[in-house]
């Protein structure tokens, strides 16, 4: 059977983490040139499409891999492998139908939605993204099956296939749309039939089509990922296994898990959706209330061609197109822990193996802290240099949003650590708790956005504050409930205290190194040097404080030799 149970959940985490790092690196090569093509205004069109897609994806798709993974892992643990096979067939069929319905809803609602968020030119991009929901449903069911078998390789490979296709197709189509529009302007003075009085106006007019081209590339990349997953050969059940449960019963069990997870995911994605519907409107209110104050804050940071009517889109595009992708790097890494942890914890909970359950839960939270804390603090202290390094051809946009990224770095820590907590709650059958907590946190975020973003002196810089408050609340309350429900022992010092201390040392070293290096070399070299200094400091402090345990290291492939080496030097807790 194509599994990796012997390595523990951290093997799966490592596989997914490697895939995620590759995907994120490819994403950088996609997003930075795309930002250079689209600019702040065009990125607002691109991100409006994504930020409608994410809640719909959460509603129709997100519960699928969680539910399938949990049920498959429990079925295999109980010796009912034929249930796992039948679950795969039923889930693919059911969610193809759901995906078609979701895609139709997104396609036909594009104009209405774009009007509601004060960004009508984004409607074309929304339509281009709508078929991605169908492909997402197919991939989710297949990924859930393999994750339930505790084989994370198909998921990781499909993510890389998707990212490579997005890079190639998205940039090609965005560039082609831009070139076609500008060629038409040079020839006839129009851009896709729209009369333009100047080259600057033509460059603005072509942006909705360029954004739609990039989005079409994303949709086609999802199709490529789906095709890869469909070619994977599934594991055949042992013929001696009991006959499968009735289809109706399996679908009811699937729905009982998937629906709460979908609702929780919708609410989690509502933080982005709340930004979309509230930030744009409240930015418009702030600009209308005191336009000179807002213009004055960004003196020299607003490109020619952006007038007062487009200023809110420009500022929101800087936030969603430049800062949010950097911020999302941190949760994307700890999300891999939750994905590989869920089937392992589900199996332990189903067989009442409390020792394995507690060991995996504590280890997951410690590893999440070890990843999230240095990354978040590093983003906070190096916000400006990182933005200038990544978006070197968009210095004005980078300068606009760097202050907000400092808050976002701290927010990312709370978001990232909450993900494995939610996965554990889902594994023990309490998927309703993340729903309730995220809903309450989302209301806090909406209220803070409504009040703070409309203050002209704060405007877009206030957008991350609501996210920080939302996820502080979610993390602390969900951890408390997890301890009460499972009696799992979480020792605060080794799980959170030591990683936090090491992360603060990392941030201090990076900040000091950047300040010193900027005096003697150019910005990009100084930034990279600061990152290296922070990483070396962090690794040293983690080892000296014996933050890692022997169990953490031995669950990795080849980890036993490395664990013995560290144990000899008294570097393991």
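Keep in mind that glycine also has a Cβ here, set from the backbone N, Cα and C atoms.
TrEMBL entries are annotated by machine, without manual review.
The model shown is predicted, which means the values in this text are computed figures rather than measured ones.
Sequence annotations record features per position, and here TrEMBL assigns transmembrane segment to 9-32 (among others). For the transmembrane segment (9-32), the list of distant contacts is 147, 150-153, 155-157, 159-160, 162-164, 166-167, 170-171, 321, 325, 329, 332-333, 335-337, 339-341, 343-345, 360, 363-364, 367, 390-391, 393, 552, 555-557: same-chain residues at least six beyond its ends, Cβ to Cβ under 8 Å.
Summarising the annotation, TrEMBL assigns transmembrane segment to 92-110 (among others).
Counting only same-chain residues 6+ beyond the ends of the transmembrane segment (122-142), those with a CB under 8 A from a CB of the stretch are 44-46, 48-50, 52-53, 56-57, 60-62, 64-65, 68, 88, 91-92, 95-96, 98-100, 102-104, 106-107, 110-111, 113-114, 154, 158, 208-209, 211-216, 218-219, 222-223, 225-226, 229-230, 232. Per TrEMBL, the feature transmembrane segment maps to 122-142 (among others).
Taken from TrEMBL, the feature transmembrane segment covers 163-186 (among others).
Annotation source TrEMBL lists transmembrane segment at 206-230 (among others). Packing against the transmembrane segment (206-230) from elsewhere in the chain are residues 34, 37-39, 41-43, 45-46, 49-50, 121-122, 124-125, 127-132, 135-136, 138-139, 142-143, 154, 157-159, 161-166, 168-178, 180-182, 185, 191-192: each is 6 or more residues past its ends and has a CB under 8 Å from a CB in it.
Away from its own ends, the transmembrane segment (329-351) comes close to residues 8-13, 15-17, 19-21, 24, 65-66, 69-70, 72-74, 76-78, 147-150, 152, 155, 357, 360-361, 364, 367-368, 371-372, 375-376, 379, 409, 412-413, 415-417, 419-420, 422-424, 426-429 of its chain (Cβ-Cβ under 8 Å, at least six residues beyond either end). Under the heading transmembrane segment, TrEMBL lists 329-351 (among others).
Panel annotation: around the transmembrane segment (363-384), residues 9-10, 13, 326-327, 329-331, 333-334, 337-338, 341, 398-399, 402-403, 405-413, 416-417, 419-421, 423-424, 490, 494-496, 499-500, 502-504, 506-508, 510-511, 514, 527, 530-531, 534-535, 538, 542, 547-549, 551-552, 555 of the same chain, lying at least six beyond its termini, place a Cβ under 8 Å from a Cβ of the stretch. What TrEMBL lists as transmembrane segment is 363-384 (among others).
Annotation source TrEMBL lists transmembrane segment at 404-425 (among others). Taking Cβ pairs closer than 8 Å, the transmembrane segment (404-425) reaches residues 264, 319, 323-324, 326-331, 333-335, 337-339, 341-342, 345, 361, 364-365, 368-369, 371-373, 375-381, 383, 386-387, 431, 433-434, 460-461, 463-465, 467-468, 471-472, 474-475, 478-479, 481-482, 485-486 in its own chain, all 6 or more past its ends.
Annotation source TrEMBL lists transmembrane segment at 437-456 (among others). Nonlocal intrachain contacts for the transmembrane segment (437-456), taken as residues 6+ away from its ends with a CB within less than 8 angstroms of a stretch CB, comprise 264, 267-268, 270-271, 274-275, 278-279, 282-283, 285-287, 289-290, 293-294, 462-463, 465-467, 469-471, 473-474, 477-478.
According to TrEMBL, the transmembrane segment annotation covers 462-483 (among others). Same-chain residues lying 6+ beyond the ends of the transmembrane segment (462-483) with a Cβ under 8 Å from its Cβ atoms: 271, 274-275, 279, 319, 361, 404-405, 407-408, 410-411, 414-415, 417-418, 421-422, 424-425, 430, 433-434, 437-438, 440-442, 444-449, 452-453, 455, 490.
The annotation transmembrane segment is assigned in TrEMBL to 495-513 (among others).
For 525-545 (among others), the entry in TrEMBL reads transmembrane segment.
For the transmembrane segment (525-545), same-chain residues at least 6 beyond its ends with a Cβ under 8 Å from one of its own Cβ atoms are 370, 374, 378, 382, 385-386, 388-389, 498-499, 501-503, 505-514, 517-518, 566, 571.
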